[in-house]
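Note sheet for the following structure.
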Amino acid sequence: MDGDRVEIDGGIMEGGGQILRVSTALSCVLGLPLRVRRIRAGRSQPGLRPQHLSGLEIVRDLCDGKLGGGEIGSTEITFTPGKIKGGTHIADTKTAGSVCLLMQVAMPCVLFAASPSELHLKGGTNAEMAPQIDYTVMVFKPIVEKFNFKFNCDIKRRGYYPQGGGEVVVQMSPVKELSPINLTERGTVTKIYGRAFVAGALPIKLAKDMSAAAVRCIRREIRDLYINIQPVREPDDQAVGTGSGIIIVAETSTGCLLAGSSLGKRGKNADKVGIEAAEMLLQNLKHGGTVDDSLQDQLIIFMALAKGVSRVKSGPITLHTQTAIHFAEQLTKAKFTVTKSEEKDPSNDSYIIECQGMGMINPNL
């Protein structure tokens, strides 16, 4: 069997956990045995961290696969997938490791399962270096569902750095195949909304300050639009630990959703958190694309698996996206091209990511 393993170099390009997520999800869906070497080679703590291991374990469990080298700190794994079953599965990072990243690796797999799945994902819901759960629900979900599937995401409990303790339940039914998407028309921004939250020991005043600072910042660029950023205190029985943050979403006339977000941390002024999120949103609106920087790379695996040609207009291509494209092409028969978009407005810096998908058909249905 070993001669037939696809060899993945986990140390190239972005060189992080994303390589592991994209390649193991595709290995599971396509039934390709895999070896990943030099996992997170360029990171300060190379090898598997708890959240990467939890992600590998849930994929293994979803398909009755075999995982070799699955321990914290391991820089090489082998993975042999089996049949994707569906059913109820639990993944627990036991840290503040991101539940959203667990969802990223599991979701493509359960789409091609034999029966519906319910995933109980435990860890951090609002973590640094990962999409916040609010982003997943408010932006990722409505856009990714354009590939012609639906999922339900129920936030049972929020969990923050350092202890985590959050839980999200994702329910999803399998599909026969994915439809391609065409997201090339931005349209005009019609509304801006969001939520600024505090939990645990923090007063609601901080959420109000984050919201007000964000609104002031956006107002300097966009004067005539109603902006509704709700300050929220998370109920104590639905949040573990102390945390704060903000997410702001701009919705356009063509149904595009672009966002900016930021997390509070000790010693960081609430105004600064709000301004950071507002500036990120404005930056994402400036490039003229239909997706923001966080969504860009998350769509690649679905574009690769879909049947037909998908086209997405984005801002400058991030290293995460280049990495996702590289490994999606290596493992599937999908072909990607990235071209500079012809713009009427010279200040726009946008690109068209086009993909001829492999047209994966679910063998279990």
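Any Cβ shown, glycine's included, is placed from N, Cα and C.
Record features (TrEMBL):
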- HIS320: active site, tele-AMP-histidine intermediate (ACT_SITE)
- GLN104: ATP binding site (BINDING)
- 13-338: domain 'RNA 3'-terminal phosphate cyclase' (DOMAIN)
- 184-286: domain 'RNA 3'-terminal phosphate cyclase insert' (DOMAIN)
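Geometry remark: GLN104 (ATP binding site) versus HIS320 (active site, tele-AMP-histidine intermediate), CA distance 14 Å.
If you take every residue in the domain 'RNA 3'-terminal phosphate cyclase insert' (184-286) and average the pLDDT, you get 97.
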